[in-house]
Amino acid sequence: MNHTQHLCSSLLTNCRSLKNLKQVHAYVCKTGLDTDPIIAGKLLLHSAVSVPDALDYARRLFLHFPNPDVFMHNTLIRGLAESDTPQNSLITFVEMRRRLTAPLDSFSFAFLLKAAASYRSLESGIQLHCQAIVHGLDTHLFVGTTLVSMYSECGFVAFAKKVFEEMFEPNVVAWNAVVTACFRCGDVKGADMMFNRMPFRNLTSWNVMLAGYTKAGELELARKLFLEMPVKDDVSWSTMIVGFAHNGFFYEAFGFFRELQQVGMRPNEVSLTGALSACADAGAIEFGKILHGFIEKSGFLWMVSVNNALLDTYSKCGNVGMARLVFERMPEKRSIVSWTSMIAGLAMHGYGEEAIQLFHEMEESGIRPDGIAFISILYACSHAGLIEKGYEYFYKMKDIYNIEPAIEHYGCMVDLYGRAGQLDKAYEFIIHMPVLPTAIIWRTLLGACSIHGNVKLAERVKERLSELDPNNSGDHVLLSNIYAVAGKWKDVAAVRRSMTDQRMNKTPGWSMIEVDKIMYSFVAGEVQNSITEEAYEKLKEIMLKLRVEGCYIPEVGSVLHDIEDEEKEDSVSRHSEKLAVAFGIARLCKGSIIRIVKNLRVCRDCHTVMKLISKVYGLEIVVRDRSRFHSFKTGSCSCRDYW
C-alpha cells in the first residue's frame with residue numbers, strides 16, 4: 001500500500017459524518033483510487049455501516065462499481081440488514097446470486113438471517129436456512145449461532161434449540177444465543193437448564209442471565225445470581241438498577257446504585273437513562289431527583305440522551321416546570337427527541353398554547369418535525385380544546401411535510417373532535433378514513449360518548465367494536481356506565497349479565513404514590529393490610545371534613561341502581577386514588593406536593609374530591625391518569641374540568 005492509499009485509508013477510518021465521507025470520496029476520485037478494490041471496498045464499508053445516515057449514499061456507490069465482488073455485496077447486505085428496512089437486504093442477495101458465480105460464504109447468510117430476525121420473517125428465515133444447508137454452511141459456527149437468534153426472534157424456541165443441539169462444538173457465543181432464545185420466548189426454566197449445562201462461561205453469559213431474569217420479573221433469582229458472579233462490569237450493575245426500577249422496586253434499585261458507587265464504579269449512560277425511564281413510568285420523582293443530583297455532580301449533563309430522559313422523568317412525574325428548566329439548560333444542540341419530549345410534556349399538563357409556541361420554535365430552529373412530533377402537537381390541541389389548530393396541524397403534516405398520517409394521528413383527530421363534543425363529526429371522520437379503523441379508534445369515540453352521555457351513538461360504536469374485539473371487558477364496562485348515567489338500568493343489568501356469562505373481569509383500578517422513595521400501590525377493593533387500613537382511617541376523617549367544610553355530595557349517578565344510596569357512596573369512596581391521597585396526607589410532610597399515578601381515567605367523583613381536598617387542606621395534588629395530568633390547587637384543576 002503506497003502513501004496515498006495509506007492516507008485515504010486513514011481519512012476513512014476517522015470519518016464520522018456524511019459530509020466528511022463525501023470529501024474523502026472526492027479525494028479518492030481525484031487521486032484515481034476509486035478503481036482500487038481495497039479503497040473502494042473500505043469506502044463502501046464506511047458508508048454502509050460506520051457513518052450515520054449514509055446508507056443511501058452507499059447504495060449509489062455500489063451501483064457505480066462495474067464488477068462488485070462478494071465482499072462488496074456482503075457489505076451492502078450488512079448495511080441494509082442493520083437499517084430500518086432490513087428486508088431490502090434480500091433483494092441485494094438475489095442480485096448477488098444472479099451476477100456472481102463465486103461460491104457464497106458464511107457472512108452472506110449471517111447478515112441475511114439477522115435481517116430476517118429484525119423484521120420477524122419466519123418464512124424468509126426458513127428459506128435462508130434451506131439455502132445454507134444446500135451450500136453446506138448450516139454447520140458453520142457463525143451461521144448456526146445466527147440461526148438460533150433468528151428462530152428465537154421469530155418466537156420458535158424449539159427450532160432454535162434444535163439448531164443449537166445439531167451444532168458441532170458450539171462456542172460460548174452460541175451458548176449465550178440459545179440462553180437468550182429461551183428467555184425471549186419466556187422459557188426461564190429452559191434458560192436455567194442451558195446455563196447450567198454450559199462447559200464454559202464468560203461475563204456476557206452471566207449478564208445474559210441477569211437481563212433475562214429481570215425482564216421476566218424473577219428479581220430474587222437475579223439477586224442470587226448477581227451475588228454469585230465472579231466478576232461484575234458496568235453492564236451487570238446497570239441491569240440490576242434498571243431491572244429493579246422497572247419492576248417498581250425503587251428502594252432496592254437505589255441500593256444497587258449506591259453500592260455501585262461504593263465499589264468504585266460509575267453508572268453509565270444506559271443505567272442512568274434506564275433508571276430515569278423507570279422513574280418516569282412510575283411517577284417516582286424523589287428517586288428521579290436523586291439521580292438528577294448525581295448526574296450534575298458526575299458530569300453526565302453533556303449527554304443529550306441523559307437530558308432527554310431527565311426531561312421526560314420530570315414531565316411524567318408532574319413537574320413540568322423542572323422539565324422546562326432541563327430543556328432550556330441543555331448544553332448541546334437539542335435533538336428532535338428533546339423538542340418532542342418537551343412538547344409532549346406541556347401537552348400532558350394541558351398547556352396547549354405553550355406547546356404550540358414551542359412547536360413553532362422547533363420549526364424556526366431548523367428541526368424538521370416528524371410523525372411523533374405531530375402526535376404530540378395534536379395531543380396538545382385535543383387536551384386544550386383547540387379544534388381549529390388541531391385540524392390545521394393535521395393537514396400541515398400531510399401538505400407541507402409530506403408525512404403520511406399513521407393510525408395514531410387519526411386517533412388524535414377522533415379524540416380532538418370527541419373531547420369537544422363534536423361526536424357526529426368524529427364518527428364521520430372515522431367512516432371516511434383512508435385506512436381501516438382499529439379497535440383503539442372506535443374505543444376513543446366510545447370514551448367520548450361516555451363523557452358527553454350520547455347513548456345512541458355509543459351503541460353504534462359498540463357494534464363496530466364487537467366486530468373487532470367482542471370480548472373486551474373495558475368496552476362493556478364503559479357502555480354500562482353510559483347507560484347508568486342515562487338512567488337506563490335495564491340495559492346496565494343486561495350488559496353486566498353478558499359480562500358474567502362471558503366470564504369477563506373488569507380491570508381493577510390501581511393508584512401509586514411515592515413516600516420516602518418507596519412506591520405504595522392501592523387497588524380498589526383489595527384485601528386490607530396495615531397500609532390500607534391506615535389509608536382507610538385517614539380517608540374517613542378526610543371525607544367527614546369535606547362534607548362539613550366543603551359541602552361535598554358524592555356523585556353516585558354511575559353506580560348500579562340496585563343498591564342503597566349509602567352503599568353507592570361507600571363504593572365511590574373506595575376508589576384507589578382516594579386511598580392514595582389519604583395515605584399521602586397521613587405520611588408526607590406538611591406542604592409536600594402529593595403525586596399520584598393511576599392506570600384508569602379519574603372518575604368525576606374523585607375529580608371533585610381532589611379539588612375539595614386541595615381547597616380545604618391547602619394542598620397541591622398532582623394526578624396522572626391514563627389520559628393526562630390533573631394539577632389540583634385551591635379548589636380548581638389545571639384541566640379546567642375538560643378531560
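Using N, Cα and C of the backbone, Cβ positions are placed for all residues, glycine too.
Curation does not apply to TrEMBL; its annotations are automatic.
Per-residue pLDDT, averaged over the domain 'DYW' (552-643), rounds to 82. The domain 'DYW' annotation in TrEMBL covers 552-643.
Among the features that TrEMBL reports, repeat 'PPR' is placed at 171-201 (among others). For the repeat 'PPR' (171-201), the list of distant contacts is 141, 144-145, 148-149, 151-153, 155-157, 160-161, 164, 208-209, 211-213, 215-216, 218, 221: same-chain residues at least six beyond its ends, Cβ to Cβ under 8 Å.
Same-chain neighbours of the repeat 'PPR' (202-232): 172, 175-176, 179-180, 182-183, 186, 188, 191, 195, 239-240, 242-244, 246-247, 249, 252, counting only residues six or more beyond its ends whose CB sits under 8 Å from a CB of the stretch. Residues or ranges marked as repeat 'PPR' in TrEMBL: 202-232 (among others).
As annotated by TrEMBL, repeat 'PPR' applies to 233-267 (among others).
Residues 304, 307-308, 311-312, 314-316, 318, 320, 323-324, 327, 376-377, 379-381, 383-386, 389, 397, 401, 624, 628-629, 631, 638-640 of the same chain lie 6+ residues outside the repeat 'PPR' (335-369) yet bring a C-beta within less than 8 angstroms of a C-beta in it. Per TrEMBL, the feature repeat 'PPR' maps to 335-369 (among others).
Across the range of the repeat 'PPR' (335-369), the DSSP-based residue counts are 26 helix, 0 strand, 9 coil.
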